[in-house]
Amino acid sequence: MKFVAHAVSFTLFLGLLVVNASDRFEGVKNLPNETITDHPRQVFRVKTTQFSWTEMLIMKWVLGMIWSECKEIWSDGPREYIMHLWNVLDFGMLSIFVASFTARLMAFLKASKAQQYVDMHVPDEDLSNASLPDEVAYFTYGTHKDF
């Protein structure tokens, strides 16, 4: 029964990943180097969005798996836990998910902070040639690759 529960859980997790990936491509209509702004005061070339419902469910699943791994470390002990290579694989997979969520959250917070600075301190007439502090100006730079 435990195996069936884990198999169903992991299958639902993979389904959430597929739904999340397909949802990303649904609304993208602009070209790779095209900039679209939602409002005239948006000065960022790339913007981040809030977490979607699928991402929230994925995060809850990952947190549940981290809790399960912590319980396993507690019951088996760290040495016995590391001796089984699938535990190392699980730890690596969960670490990658946590790192990606953390990076996405930090990007959202930094972009929101930078946009808030522009909204509060830059007048409308100075928006095109505003001198911004380094922590905000970073988000206004576009990436150009010469091929």
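Glycine too: its Cβ is placed from the backbone N, Cα and C atoms.
TrEMBL annotations:
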{"type": "SIGNAL", "residues": "1-21", "note": "signal peptide"}
{"type": "DOMAIN", "residues": "46-106", "note": "domain 'Ion transport'"}
{"type": "TRANSMEM", "residues": "81-103", "note": "transmembrane segment"}
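Confidence across the domain 'Ion transport' (46-106), taken as the mean pLDDT and rounded to a whole number, stands at 89. Look at the domain 'Ion transport' (46-106): DSSP puts its residues at 52 helix, 0 strand, 9 coil.
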